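Going by TrEMBL, these are the annotated features:
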type	residues	note
DOMAIN	11-186	domain 'DH'
DOMAIN	216-320	domain 'PH'
Amino acid sequence: VEDQRARWERKRSRTAKELLETEHKYLEQLDLVLTYFVTILKAKGTLKPAVLETIFGPLESLYSASHVLSLHLEKGNLGPGLENFCQSLDLYGHYAENLEHANKTLKEQVRKTKSFRRFKKLQETRPQFQGRQLEDLLPLPLQRLHQYKHFFRDLLENTSPDTAEYQKLAKTVKSVCEVSHWVQDIFDKRENSLQLLRVQKLLKGQKTQVLAAGRWHIREGWLLVVPAKGEELKRRMFFLFSDILIAAKPCHPLHLLNSSKLSCQAVYPLHQCQVDKVFGHTWSQGGLLSLSFPHKTLLLMSSNQQEIDDWYRSLTAAVRWASR
């Protein structure tokens, strides 16, 4: 037991030391943004207060919370430090929600405001920035949140469960994980919106509505459609979403406007679909999937075994989701 405690203590000391060192580094980087951008821009009035607020969000509050945490860590007061830190964790979620709008506004101001463009360029050439741009520094709080999760978990694993500090660490780990999920959810939704928009732009015309609330992009790829009456195989692009499957074919390569687009052939709702592997259970070359809808059966083929297995798994999961 004594040996175990000594091992825990050594690991815990190492983690606490690394947490403090990286916290100092993080504060230095935030300080660059606050000192050379926020403070000076406020004083000069180059940007309107609302624009400044949009670009930098709650960065000053995040800096204050980390500064207080680092002071507690320096004194070895982990418990009180964590209690205080937990109260400001929501700021990271709000910062993530604002980040896309912040980047958009920053780009806009660089394009529109000559004085800001020159100011930004001048500040970024300072040696303290080491060649980094403001855009590189704005995502720092969210990278740090990810690091916190690992540091606090390591500290928890190397703390004796019968101490008061263990309870505080457990609470902190839970809070950090909750905010991390919140942030991840924001990024997933944003990425999904971009994917839906990309597919919408790929399809010719506006008849097929890809953009829909609650719809998730799952996968896409080329598959061969096996016709019912011994005709030749048709190569089609399939887009799988959480509620529908879209089949499309390339537009004519010489078409003036749509040569790089796809023409939608069919939209299949998934809530009444049944997916079966016709063959492809063995490690033979490729396989065949049967998709049964109320008024249509679709046979899809690929010569790549891995690909057909992946499609089978994705389709089965999507049908289960859509039928709930």
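Placed from the backbone N, Cα and C atoms, the Cβ positions cover glycine too.
Those TrEMBL annotations? Automatic predictions, nothing curated.
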Let me know the model's mean pLDDT on the domain 'DH' (11-186).
95
Tally of DSSP helical, extended and coil residues in the domain 'PH' (216-320):
16 helix, 52 strand, 37 coil
